[in-house]
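Q: I have a structure here, written as structure tokens, and I will follow up with some questions on it.
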Amino acid sequence: MWKTIVSNLPAWPVFIQAAVVFLVPYAISRLFHWIRTTEEE
Amino acid sequence: MIPTRNDRITTSQTAVIIINFILGAGILTLPRISVEKAKTPDVWISVLIGGLLAMFTGIIIVKLSQRFPDKTFFEYSQEIAGEWVGRILSLLIICYFCLTSSLQVRSMAEVTTFYLLEKTPTWAIVMVFLWVALYLVVGGINCLARMLEIILPITVLFFLVVSLMSIKIFEIDHLRPVLGLGWKPVFDGIKPTALAYTGFEIMMILVVYMRQPNKAVKAVVVGISASLIFYLITVVMVIGAFSIDGVVTRTWPTIDLIRSFEITGLLFERFESLLLVLWIMQIFSTFTLAYYSAALGLAQLLKKNIEPFLFGLLPVIYIITMTPKEINGVFALGDFVGNASIFLFGILPLLLLIISRLKVGKHEAKSSS
């Protein structure tokens, strides 16, 4: 059972890519959020 | 949940959303999957019956949602089945939407790598797709509905024109004899064809956003009927061109149909790139709807703002997308999602509708005594 689960898991680069998938838009959104708040101030 | 005024959608937008959600990756594989089961040219009858079944199920979902006009499934399931059972059911449906969105992205990546961008790595195609979807979905359901209103007429018009152009290689004899092996093969083909209509389940969420929720049945009937016509034309044209023996040996028979003819004298002689571009737009709409539904479900389940879940689901969807190692794994995932949808959207809404009616009946009997 455990072997089947492990064999179906994607390779480690996929997890790094998943982190990139999250971080890029998140960083952009935080940047624009920061720009908007500094403009308001 | 009471949506703001900007979040409201019209009845026609609802129908457009349903059509877009139904017409996803299924259109490219439906002829093969249904012929594999039925093994006769009568698959078009299965498509017809499958559509009617989907319509019936869609109406049940609408009737259930109309009993709770200011709540989505994620909220009213807890009212009907109790807090914990409702939460588990909601979680199952959220998982379903995550799997559906991943499946759509992977199908798109497979087809794009195979026919359009041969040397582009899959991760590059998938990442860009996910980011553009996030940008759209952050705007809410109204932005989604407006984009789908633009996409649908373009895709439907071009798809039908290109399909009808294949009349040059169409042979009516490939569709004969009608009911040569009786009704049994037709009934065998109903399951895969009915699964191609999954998408109407979006009504579990959409009724609450409608300006006129009393017209939700009309939206479902129009949405599923339009998809039915679309599927019927595709299946008839593909089988008419390749015969049933030719269809079962092709992975993407609908694309092969468009690749198999050239028309000289027009701006384009070959149409598969055009079809694929339009189809990718269609996949994009299916994906964004499933992605938005999953994030909305999590947000409502945990009573939080939707935005963190939109960001948080991106890596999850990416990992699920990249998990199948090859194309057969993608189809196996598709089968699993299809079988899950039979329980989640075929049996479950009917059960919940019966329970909610019984509960109201009991409540009324108590208050009258």
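Any Cβ shown, glycine's included, is placed from N, Cα and C.
If you look up TrEMBL, you'll see B:12-31, B:43-64, B:84-103, B:123-143, B:150-170, B:190-209, B:221-244, B:274-294, B:306-324, B:336-356 marked as transmembrane segment.
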Q: Can you work out whether the transmembrane segment (B:150-170) touches the transmembrane segment (B:12-31), with the criterion being 3+ CB pairs under 8 Å where the paired residues are 6 or more apart along the chain?
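A: Contact between the transmembrane segment (B:12-31) and the transmembrane segment (B:150-170): present, because at least 3 Cβ pairs are under 8 Å.
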Q: Do the transmembrane segment (B:123-143) and the transmembrane segment (B:274-294) share at least 3 Cβ pairs under 8 Å, sequence separation 6 or more?
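A: As far as Cβ distances go (cut-off 8 Å, pairs 6 or more apart), the transmembrane segment (B:123-143) and the transmembrane segment (B:274-294) touch.
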Q: To the transmembrane segment (B:221-244), which of B:43-64, B:84-103, B:336-356 is linked by the most Cβ pairs under 8 Å?
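A: Stretch with maximum Cβ contacts: B:43-64.
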Q: So, taking each listed stretch (B:43-64, B:190-209, B:306-324, B:336-356) in turn and counting its Cβ pairs to the transmembrane segment (B:12-31) that are under 8 angstroms, which one gives the highest count?
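A: Most Cβ pairs under 8 Å with the transmembrane segment (B:12-31) come from B:190-209.
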Q: Considering only Cβ pairs under 8 Å, which range in B:43-64, B:84-103, B:306-324, B:336-356 makes the most contacts with the transmembrane segment (B:190-209)?
A: B:43-64
Q: Which listed range (B:84-103, B:306-324, B:336-356) shows the maximal number of Cβ pairs under 8 Å with respect to the transmembrane segment (B:43-64)?
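A: Top-ranked stretch among B:84-103, B:306-324, B:336-356: B:336-356.
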Q: With Cβ-Cβ distances below 8 Å as the criterion, list the same-chain residues six or more beyond the ends of the transmembrane segment (B:84-103) that contact it, or say none.
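A: Counting only partners 6 or more residues beyond its ends, the transmembrane segment (B:84-103) has Cβ contacts under 8 Å with 25, 73-74, 77-78, 201, 204, 286-287, 290-291, 293-294, 297-298, 300-301, 313, 316-317, 320-321, 323, 330, 333-334, 336-337, 340-341, 344, 348.
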